[in-house]
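Trainee: Quick paste from Swiss-Prot:
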type	residues	note
TRANSMEM	4-21	transmembrane segment
TRANSMEM	26-44	transmembrane segment
TRANSMEM	59-79	transmembrane segment
TRANSMEM	93-115	transmembrane segment
TRANSMEM	149-169	transmembrane segment
TRANSMEM	178-198	transmembrane segment
TRANSMEM	200-220	transmembrane segment
TRANSMEM	241-261	transmembrane segment
TRANSMEM	274-294	transmembrane segment
TRANSMEM	323-343	transmembrane segment
Amino acid sequence: MNPLALIMITTTIILGTVIVMMSSHWLLVWIGFEMNMLAVIPVLMKRHNPRAVEAATKYFLTQATASMLLMLAVVTNLLYSGQWTVANMTNPLASTVMTLALAMKLGLSPFHFWVPEVTQGVPLLSGLILLTWQKLAPLSVLYQTSPSLNLNLLLAMATVSVAVGGWGGLNQTQLRKILAYSSIAHMGWMTIILTYNPTLTLLNLLLYILMTATTFMLFMSNSSTTTLMLSHSWNKSPVAATSVLIIMLSLGGLPPLSGFLPKWMIIQELTKNESIFLPTLMAMMALLSLYFYMRLTYSTSLTLFPSTNNMKMKWQLEDTKRTPLLSPLIVMSTLALPLAPILSTLN
């Protein structure tokens, strides 16, 4: 990509997200969403192949539909209340439509259909941007409007998202699809606690971005996109392969790794609000995600993955890409659990 075009695209993506996060006026929020969407499409189409074009088209159509629903909610609220303020979403119909629009942008179930397909069709770096940075703007709007959200609708979508994220990841061999379904499940965990304790949503988002970014960077350093390629990365970089497997278990929420921390605190907060059935159901469905991560760990580290005899193997003689940020990211992605006593004081 042309360096000048890359600078312009990167600046527009960052600026669009910052405008959404810093604005209290609905028109500026909508403009920020559009800037961000139009700038990220060239990033998704960087490969110039039919699969990438198809993924970018699916992303564009989904995000455009969500933006249309968001504008419908804003205009409906304006007609009833006369307010353009983000925090002043008082009309129930407008609040419901806005929740559906932001759920579509985030990839919450039942609007999750685009996330695995788009992530699978783009390069690893584009998938990293799609599953981390692109979640910031919709979640910031949900955070600002959390007191006026439709609670029952949000809880239903969050619970189904955790279930879909667990079931969808089973029997997957493509690493990008596995991370896409993991993203759907994590979005469910973030939104289910949003109306009870928004601070926990921010904590979960921070740890999710750390773990997902670290996993994608390790995949890029190993040039791994499938389970088979990941199992052969032991020859090339044993330390990186071990780190991938530990971080994947952390993504699944296995104690005592970092990924267990937000799930533990969310279940605790839901229990404090006299909700027993919901956290029990969420914990049981989280076992699905943990299962396919543990199965992936087993198939790539404890056994030899099935492969043909004439397949090219990776060796340490090959040059590995230098990623100086990986070391601190790996530490934060796996060893954040001791911070739990400090974080438990958050209100």
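The backbone N, Cα and C atoms fix where each Cβ goes, glycine too.
Locate each feature and note its surroundings.
Mentor: With a threshold of 8 Å between CB atoms, the same-chain residues lying at least 6 positions outside the transmembrane segment (4-21) that come near it are 28-29, 31-40, 42-43, 129, 133, 136-137, 140-141.
Counting residues 6+ beyond its ends, the transmembrane segment (26-44) has Cβ neighbours under 8 Å at 1, 5, 9, 12-13, 15-20, 52, 55-56, 59-60, 63-64, 67, 70-71, 74, 77-78, 84-86, 105, 118, 121-122, 126, 129-130, 134, 137, 141 in the same chain.
Counting residues 6+ beyond its ends, the transmembrane segment (59-79) has Cβ neighbours under 8 Å at 26-27, 30, 33-34, 37, 40-41, 44, 88-91, 93-95, 97-98, 100-102, 104-105, 111, 114, 118, 130 in the same chain.
Nonlocal intrachain contacts for the transmembrane segment (93-115), taken as residues 6+ away from its ends with a CB within less than 8 angstroms of a stretch CB, comprise 33, 58-59, 62-63, 65-67, 69-70, 72-74, 76-77, 80, 131, 135, 137-139, 141-142, 145, 148-150, 153-154, 157-158, 160-161, 163-165, 180-181, 183-184, 187-188, 191.
Long-range neighbours of the transmembrane segment (149-169) within the same chain, counting only residues 6 or more positions beyond its ends whose Cβ lies under 8 Å from a Cβ of the stretch, are 92, 95-96, 99-100, 103, 108-110, 112, 116, 142, 177-178, 181-192, 194-195, 278, 281-282, 285-289, 291-292.
Sequence-distant contacts of the transmembrane segment (241-261) (same chain, six or more residues past either end, CB-CB distance under 8 Å): 182, 186, 203, 207, 210-212, 214-215, 218-219, 222, 224, 230, 233-234, 286, 289-290, 292-294, 296-297, 300-301, 326, 330, 332-337, 339-340, 343.
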Trainee: Excluding the flanking five residues on each side, which residues at least 6 beyond the ends of the transmembrane segment (274-294) place their CB within less than 8 Å of a CB in that stretch?
Mentor: 155, 159, 162-163, 165-167, 169-170, 172, 178, 181-182, 185, 188-189, 192, 248-249, 251-254, 263, 266-267
